[in-house]
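As given in Swiss-Prot:
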TRANSMEM  49-69  transmembrane segment
DOMAIN    81-184  domain 'FAD-binding FR-type'
BINDING   164-179, 190-222  FAD binding site
Amino acid sequence: MVLIEQVVLVASILITFGTCLAATKYAARLFPHFEPLQFYDEATNPMELNIVLAFVVGLIGSVVVLLYFDSQKIKPVLNPTQWQQYRLMEKQKLSDNTALYRFKLPRSNNILGLPIGQHISVQANMGGKTVVRSYTPTSSDDDHGFFDLVVKSYEQGNVSKYIGSMKIGDLLSVKGPKGQMRYAPGLSRHIGMIAGGTGLTPCLQIIRAALKNPADKTQIDFIYANVKETDILLKDELDELALKHKDQFRISYFLNEAPEGWKGGVGFVTKEALEKNLPKPANDIKVLMCGPPPMIKAMTGHLEALGYEKPRTVSKLEDQVFCF
């Protein structure tokens, strides 16, 4: 409940109680200097104090109920200017060095409050130095009481290594939201996506949002590149979404080290692969990218050669090519 609501509530209680008390002789007894203001008469029922007390009890009960329902409201917890700590409640291994981490929100009806396509800042103390990195939760505001991060822990990493070492019950410092992307139905007629490794996370957030909304007709083509097949994150979910929404969502996998019998792309993503799998350049399409810097640099060059607009250093929502 915001401060102004609290002030109004307290003022209403005091005014109501004062008015009720003024209707009885007890106001004059409690506050003699207010006696000229009393408007009772001598014929007042001797049970009037009980009436006042019953009214007050009822009023207090109403306030308690009001506060209870206020506590049950779905409330976002993120604060863009203040670090807040959330406790690790689950850890699920996805690959050799990648896991899904589930963090508990203060209440079961809380939501993170993250616009689709935006991310959070995560803070860790490493060797006496504070390090901050950005991550995109794979959960959404449809998920109450928790949020999920998919993190690949690198041996030479900072925050990723810190998260990888966390144990159940440990606390993580978070603030946000931040970022220029804010997805909504109708943002583009057709979206192409290019991701490498954990660059999947902002793309997946948008994919889920678009496909679960029957009114959202956005076409999505997704190129997802990894080193090995075991590096492909959440593949079962991606394949299920592609099968269930085959008229709207298509995914193309690329591996540097493809196993025997692999039916997807092999090697680095080429200009020809982009031309084949992405929407053609137009005013009503977007290409979203997230991955390692060398990959993004290579993809940017390929896209420019194919006639797409050159992305800005810091992408904006209106850009045709957007880099997370």
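Note: Cβ is positioned from N, Cα and C throughout, glycine not excepted.
Structure with Swiss-Prot features highlighted.
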residue: G164; record: FAD binding site; DSSP (3 states): helix
residue: L171; record: FAD binding site; DSSP (3 states): strand
residue: K178; record: FAD binding site; DSSP (3 states): strand
residue: A195; record: FAD binding site; DSSP (3 states): strand
residue: P202; record: FAD binding site; DSSP (3 states): helix
residue: A209; record: FAD binding site; DSSP (3 states): helix
residue: D216; record: FAD binding site; DSSP (3 states): coil
Among L171, A195, A209, the one of these binding-site residues whose Cβ has the fewest neighbouring Cβ atoms within 10 Å: L171
Intrachain C-beta neighbours of D216 (FAD binding site), sequence separation six or more, cut-off 8 angstroms: P185, G186, A209, A210
Lowest local Cβ density (other Cβ within 10 Å) among binding-site residues: G164, P202: G164
Tally of residues which DSSP labels helix, strand or coil - the domain 'FAD-binding FR-type' (81-184): 6 helix, 48 strand, 50 coil
Cβ-Cβ neighbours of K178 (FAD binding site) (radius 10 Å): 13
Local confidence of the prediction over the domain 'FAD-binding FR-type' (81-184), expressed as mean pLDDT: 95
